[in-house]
Structures are given as structure tokens and as C-alpha cells.
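Quick look at what Swiss-Prot lists:
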ACT_SITE  His5  active site
BINDING   Glu25, Asp27, Asp85  Mg(2+) binding site
ACT_SITE  His41  active site, nucleophile
DISULFID  Cys45-Cys51  disulfide bond
DISULFID  Cys47-Cys190  disulfide bond
CARBOHYD  Asn250  N-linked glycosylation site
Amino acid sequence: WIMGHMVNAIAQIDEFVNLGANSIETDVSFDDSANPEYTYHGVPCDCGRTCTKWEYFNEFLKGLRKATTPGDSKYHEKLVLVVFDLKTSSLYDNQASDAGKKLAKSLLQNYWNNGNNGGRAYIVLSIPNLAHYKLIAGFKETLTSEGHPELMDKVGYDFSGNDEIGDVAKTYKKAGVTGHVWQSDGITNCLLRGLDRVRKAVANRDSSNGYINKVYYWTVDKRATTRDALDAGVDGIMTNYPDVIAGVLNESAYKAKFRIASYDDNPWETFKN
């Protein structure tokens, strides 16, 4: 999965997919009442990027729905996965469940079109703080009470705080999550970060009793770092330059081993060689 980083304006969906992304990451900020409000990152952000592009969250969802609904004039067949980077650090811990409920309502109405031919992309809820694990239950309860528990088949999870792998595993246990797990590792492109924790995550993914289904690394803008991440065995790379990642995947060393994921590749299944 080539994951376009910080895609917060509707116009950027086309831009990143046209550069080679089959997945995008979108920031979601919340108001004081835990309503998802804007797709907005803010300052500071990655080097070389404009930090302040934004939409109202529900409007972004409508644009995203068009981009992922077959038959729509804006449809992109290859856009198959969306990571919502949930900026919950502005909330109190006890608001996490409410944030999940309100997020589910927004997605149900504006993205899934109340279960009637909505967008088809798989969705990852990426949570920065382990203490906010109740967001997941709130989200699930709402889809169930609104009569659409089947949409949970399209939803996965990520804790993005670079926490100890063991602590993340314990948190999923508390949250009652037993699958659909992506594990992120990374740092802003302005700084360097080694691949030690990525390798631990990959080892967990490939063990018989691990909790991880997929591992992604962020934010990668250079060819050399891309090669290092692929050599470590990641499933996804988040980038400001999808064309750079696509270029490396085309190199003979990687062409035989990796391919770009399509809609038929289940993002919740651990890939077995």
C-alpha cells in the first residue's frame, strides 16, 4: 500500500492517487464536544508541505465517497484504503467513547451513505493514545445500534504512538479487538528514525501468536529509506511523494517481490509467502 500522507483537502485526493497512491491518510480534528470537525493537521507538519489545507470533515467524507464509489465521475478504482489519523489528543480520556460514536455517525451518513451504495474503501481508525481505546467500542456500538454492524468488516485499527509492542497488544485485549490490526511506526520526515521497532512489529506479524496483520512505516520520502523499509518487510509505506515509492517498487530487486495492492487484497489478512 502506497499511502499518501496528509491528504486533507478534497482536491488532494486526485493529486495523490494520480501520483501512484492506492491509499491516503487524512487528519481528523475534534471540537470540545468530541465531534469530528475538520480534516486538518496544522503547524508544524512535515518538511516541504503546506500544513494548513482543510475541509469540514463531513464535506471531505462526501468527496471521498465520490472518489471510492464505482460509477461516480470522480471514482478512482485504485484508491482502496483510507487511514483516519484521529487527533484525539485535544480530548479528555473520558471523551474517547463519544468521539468513536460521533465518528461512526459521520461516516455512516456521509461516507457509507447509510449502507446504500456508499464508498467502498477499507478504513483504518488510527488512534495516537492507548488510553483512548474506548473509541473503538463507541464506534462499533453506534454502527450496530444504527443497524449496520456489517460495515465493521471494512474497519481496521492502528495505535500510532510508537508504544511498546507488548503494551499495544494489551490495549487491544482491553478493547476486545482480535483482528483487522495495522501497526504503524515512524516519525516526521524532518527527522530520522531507525527500523528497530518496525522489525519487531514485522516479527510479531509473522509469528503464530502475533496481534498484527499489517505493518506500515511513515513518513518516507527518499528512495534509500523506501528500500530499507521494503527490505524490513513492511506492508505499507506512508509518503509525501507516492511517485518515489512507486519508482522503487518498479526496480528489478523489488518488482518480483512486491506489487501494489488492489481492492481484492484483503487489508486485514496477514500476507503469507
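Glycine too: its Cβ is placed from the backbone N, Cα and C atoms.
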Cβ-centroid neighbourhood (8 Å) of the Mg(2+) site, Glu25, Asp27, Asp85 excluded: His5, Met6, Val7, Asn8, Thr26, Val28, His41, Val83, Phe84, Lys87, Ser126
Residue among the disulfide-bonded residues Cys51, Cys190 whose Cβ has the most other Cβ atoms within 10 Å: Cys51
Cα within 10 Å of Asp27 (Mg(2+) binding site) - qualifying recorded positions among His5, His41, Cys45, Cys47, Cys51, Cys190: His5, His41
Mapped DSSP class for Glu25 (Mg(2+) binding site), helix or strand or coil: strand
Residue among recorded positions His5, Cys45, Cys51, Cys190, Asn250 with Cα closest to the Cα of Glu25 (Mg(2+) binding site): His5
Inter-residue Cα distance where the pair is Cys190 (disulfide bond) and Cys45 (disulfide bond), in Å: 9
Proximal but sequence-remote residues of the same chain as Asn250 (N-linked glycosylation site) (Cβ under 8 Å, at least 6 apart): none
Distance, Cys51 (disulfide bond) to the residue listed as 'active site, nucleophile' (CA atoms, angstrom): 6
Site of maximum Cβ density within 10 Å, from disulfide-bonded residues Cys45, Cys47: Cys45
Pairwise CA distance, Asp85 (Mg(2+) binding site) versus Cys190 (disulfide bond), rounded so that it is a whole Å: 19
In the chain carrying the residue listed as 'active site', residues 6 or more apart in sequence that have Cβ under 8 angstroms from it: Glu25, Asp46, Arg49, Trp218, Thr219, Met238, Thr239, Asn240
Cα separation, Cys190 (disulfide bond) to Cys51 (disulfide bond) (Å, whole number): 14
